[in-house]
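**Student:** Below are the structure tokens for one structure; questions will follow.
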Amino acid sequence: MQPADCPRGLLPRPCRVLVLLNPRGGKGKALKLFQSRVRPLLEEAEVSFKLMLTERQNHARELVCAEELGHWDALAVMSGDGLMHEVVNGLMERPDWESAIQKPLCSLPGGSGNALAASLNYYAGHEQVTNEDLLINCTLLLCCRQLSPMNLLSLHTASGRQLYSVLSLSWGFVADVDLESEKYRSLGEIRFTVGTFFRLASLRIYQGQLAYLPVGKAASKIPASSLAQKGPANTYLVPLEEPVPPHWTVVPEQDFVLVLVLLHTHLSTEMFAAPMGRCEAGVMHLFYIRAGVSRAMLVRLFLAMQKGKHMDLDCPYLVHVPVVAFRLEPRNQRGVFSVDGELMVCEAVQGQVHPNYLWMVSGSSDSPSGRDSQRRPPPEEPI
């Protein structure tokens, strides 16, 4: 529990951190890197820690469900984005989820997908770096102890599943690359480059209905009771079996190359997907690419994305919209969804963003600017 005299938006000194580390993530060097790179910096900064190694998929989820969180000032996750996904969903499954999700989180890149860490590195004002340089930068952010509130995305599927995302949901090209590049995990993040070119060689079209609630029309809210669930109220969503509300935008095209919902700036350490910058409180980026785009243009887009210049190409097939909610209904079960890099069965899904819903170690204690007073304020103190 944070001392009463600790400034708002800061971790205390000394600080106690539970580190969850996946020793098999990425190239399998996370534990060695923690001992050689991370540990000395934490000890110098008076950050005491307990290291717990995950042994299987969803182990981190089980650990945070059962952990006595009051023993720790923060939870650090050293792996890829998938382990942070497990931790956040584990916190939201606890009986005390409302207080548990306020426990500050820290992303230490140690997997093959480190987009969240890359985004936090960008928010701190650092240049785009990868591998050990990114790990050191993120460790130093933890040593500096500054916190920022971040958005959370809640998702609801046709089969009744409810889950949460801290980074992204993708369907089509990006999700397929996530799935098909698993066999190249030992290559680290370069697996995504390899997977991208394999998928370009056999480009697929995905059919479905996409609808969204743009930021400018978000004033009209649905009664919270219309979508009953545990967790934060979904004030913009109606049940999936009902049509979307009339003030939503329904995309007329139904053939896509990809659909991407992104809460942060980076899709990987070298994919600066949202150069328009950090989302405001209660806003997320929706990107989609319509069918008809050439392979040559896709190559240009992905190469330009490394520097955040893809929007400068003015590709007529690429659309970006700031949104607060969305619904995606695939016409068939072809393909998969990827949520924070974790695979999810292909079925109708909808979601909405919850502003300033969790604390993360970042380079600034400033919160994203808000659009209106409807957003949830960050907690008075992280716990």
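Going from the start of the chain as shown, residues are counted 1 onward.
Heads up, the Cβ atoms here are built off N, Cα and C, so glycines get one too.
Quick caveat, the model's predicted, so the values are computed rather than measured.
The feature ATP binding site is assigned by Swiss-Prot to 22-24, 54-58, Glu86, 111-113, Arg185, Arg191, 340-342. Summarising the annotation, Swiss-Prot assigns substrate binding site to Ser79, Gly80, Asp81, Gly82, Asp178. According to Swiss-Prot, the feature motif 'Nuclear export signal 1' maps to 147-155. Under the heading motif 'Nuclear export signal 2', Swiss-Prot lists 161-169. Residues or ranges marked as phosphothreonine by Swiss-Prot on the basis of similarity to another entry: Thr193.
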**Student:** Just give me the nearest neighbour of Thr54 (ATP binding site) among the recorded positions Ser79, Gly80, Asp81, Gly82, Thr193, Cα to Cα.
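**Tutor:** Smallest Cα separation from Thr54 (ATP binding site) among Ser79, Gly80, Asp81, Gly82, Thr193: Ser79.
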**Student:** Radius 10 Å, atoms counted are CB only; among the binding-site residues Gly80, Gly82, Gly111, Gly341, which position scores highest?
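**Tutor:** Result of the Cβ crowding comparison: Gly80.
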**Student:** Neighbours of the substrate site Ser79, Gly80, Asp81, Gly82, Asp178: Cβ within 8 Å of the Cβ centroid, same chain, sequence order.
**Tutor:** Gly25, Leu83, Met84, His85, Gly111, Ser112, Gly113, Asn114, Asp340, Gly341, Glu342
**Student:** Quick one, of the recorded positions Asn22, Thr54, Thr193, which Cβ has the fewest other Cβ within 10 Å?
**Tutor:** Thr193
**Student:** Starting from the Cβ of Asp178 (substrate binding site), draw a 10 Å sphere and report how many other Cβ atoms land inside it.
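**Tutor:** Taking every protein chain into account, the count is 25.
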**Student:** Check the Cα distances from Ser79 (substrate binding site) to each of the binding-site residues Asn22, Gln57, Gly111 and keep only the ones within 10 Å.
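**Tutor:** Within 10 Å Cα-Cα: Asn22, Gly111.
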**Student:** How many Å separate the Cα atoms of Gly80 (substrate binding site) and Gly111 (ATP binding site)?
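**Tutor:** If we compare the Cα positions of Gly80 (substrate binding site) and Gly111 (ATP binding site), the gap is 4 Å.
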